[in-house]
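So the structure is just underneath, and the comments pick up after that.
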Amino acid sequence: MEPRKNVTDFVLLGFTQNPKEQKVLFVMFLLFYILTMVGNLLIVVTVTVSETLGSPMSFFLAGLTFIDIIYSSSISPRLISDLFFGNNSISFQSFMAQLFIEHLFGGSEVFLLLVMAYDRYVAICKPLHYLVIMRQWVCVLLLVVSWVGGFLQSVFQLSIIYGLPFCGPNVIDHFFCDMYPLLKLACTDTHVIGLLVVANGGLSCTIAFLLLLISYGVILHSLKKLSQKGRQKAHSTCSSHITVVVFFFVPCIFMCARPARTFSIDKSVSVFYTVITPMLNPLIYTLRNSEMTSAMKKL
């Protein structure tokens, strides 16, 4: 269905209109993006070429870093370009495309983090059956399911807003394409649509986060049965994953699991989960994973 609209493009206000401040932010976000790409690509390459990293956890970690690469690349390059050239205009179709990619890979990451928690549960609570349960085809299937889940979530989000009429104004007080600021510009009642957006994004994030907390509660309880060496190894892998989960889900829940309104703090929170978290994930996993660190040194 063709969208009923008069607006053909939107203007993203970004962080500031001051040219000097824009240049400072340009350097900062360019550095963040370079670090994100280098760190995540290093993990993908290490897992791919290393003979010692053949575990399901390493496979899922490579999948997570690949998602972070695409997710970050859907937002940061345009942000960096806008800060450098000062051209904050984006076409309606490009806005929708970025929105689709954000939700596709953001949703996929939610499901993949659940899969990784299940992998840790099997490894720690059912160690004798781990390789039987987490066979290669099972790992591939779980990864595909994560992507399909993100795809369906993204299709649903886009389908409920694409046909909205946008008659003007076309100025969005944000630095990237986000759902709630867009709903404010629709020249129709968006109350029901806002509830659907919250249910699809916020509710799914909240449920996933609660499931993760429960799973890690079970895992931590099971650590008592392990030897001291086993507890240390399990604690190392679990603590890194829990850190990533908290960094990703807490800001996401704040942004999505609330009424469809915008707040002054939204930009700062959005920077954390769209820019900072993808950059920190490789650092968190490598610092807490001795096997990954050793494999990187052999490259």
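Just so it is clear, glycine is given a Cβ too, placed from its N, Cα and C backbone atoms.
The topological domain 'Extracellular' annotation in Swiss-Prot covers 1-23, 78-98, 157-193, 257-267, and the record cites sequence analysis as its basis. Swiss-Prot lists Asn6, Asn87 with the feature N-linked glycosylation site, giving sequence analysis as the kind of evidence. The annotation transmembrane segment is assigned in Swiss-Prot to 24-47, 56-77, 99-118, 138-156, 194-217, 234-256, 268-287 on the grounds of sequence analysis. The topological domain 'Cytoplasmic' feature in Swiss-Prot is assigned to 48-55, 119-137, 218-233, 288-299.
The stretches the transmembrane segment (194-217) and the transmembrane segment (99-118) are in mutual contact, each linked to the other by at least three Cβ pairs under 8 Å (pairs 6 or more apart in sequence). Of the recorded ranges 24-47, 138-156, 234-256, 268-287, the transmembrane segment (56-77) has the largest number of C-beta contacts under 8 angstroms with 24-47.
Long-range Cβ neighbours of Asn6 (N-linked glycosylation site) (same chain, at least 6 residues apart, Cβ-Cβ under 8 Å): Pro165, Phe166, Cys167, Gly168. Long-range neighbours of the transmembrane segment (234-256) within the same chain, counting only residues 6 or more positions beyond its ends whose Cβ lies under 8 Å from a Cβ of the stretch, are 57, 106, 109-110, 113, 116-117, 120, 123-124, 180, 198, 201-202, 205-206, 208-209, 212, 216, 219-220, 223, 226, 266, 269-270, 272-273, 276-277, 280-281, 284-285, 287-290. In the predicted model, residues of the topological domain 'Cytoplasmic' (288-299) average a pLDDT of 75. Between the transmembrane segment (99-118) and the transmembrane segment (24-47) there are fewer than 3 Cβ pairs closer than 8 Å, counting only residues 6 or more apart in sequence, so the two stretches are not in contact. A Cβ distance under 8 Å defines the sequence-distant neighbours of the topological domain 'Cytoplasmic' (288-299), meaning residues of its chain 6+ beyond its ends; these are 42-43, 45-47, 49-50, 52-53, 58, 61, 236-237, 239-240, 243. In sequence order, Ser81 are the residues of the chain that are 6 or more apart from Asn87 (N-linked glycosylation site) and have a CB within less than 8 Å of its CB. Secondary structure from DSSP puts Asn87 (N-linked glycosylation site) in coil. Residues of the same chain lying 6 or more positions beyond the ends of the topological domain 'Extracellular' (257-267) and with a Cβ under 8 Å from any Cβ of it are 15, 173-175, 178-181, 183-184, 190, 193-195, 197-198, 201-203, 205-206. For the topological domain 'Extracellular' (157-193), the residues of the chain that approach it from at least six positions outside its boundaries are 1-7, 9-15, 75, 78-79, 82, 90, 92, 95-96, 98-100, 102-103, 200-201, 255, 260-262, 266-267, 270-271, 274, judged by C-beta separation under 8 angstroms. For the topological domain 'Cytoplasmic' (119-137), the residues of the chain that approach it from at least six positions outside its boundaries are 56-57, 60, 215-216, 218-219, 222-223, 226, 234, 237-238, 241, judged by C-beta separation under 8 angstroms.
Non-local neighbours of the topological domain 'Cytoplasmic' (48-55) in the same chain are 62, 291-292, 294-295, 298-299; each lies 6+ residues outside the stretch with a CB under 8 Å from one of its CB atoms.
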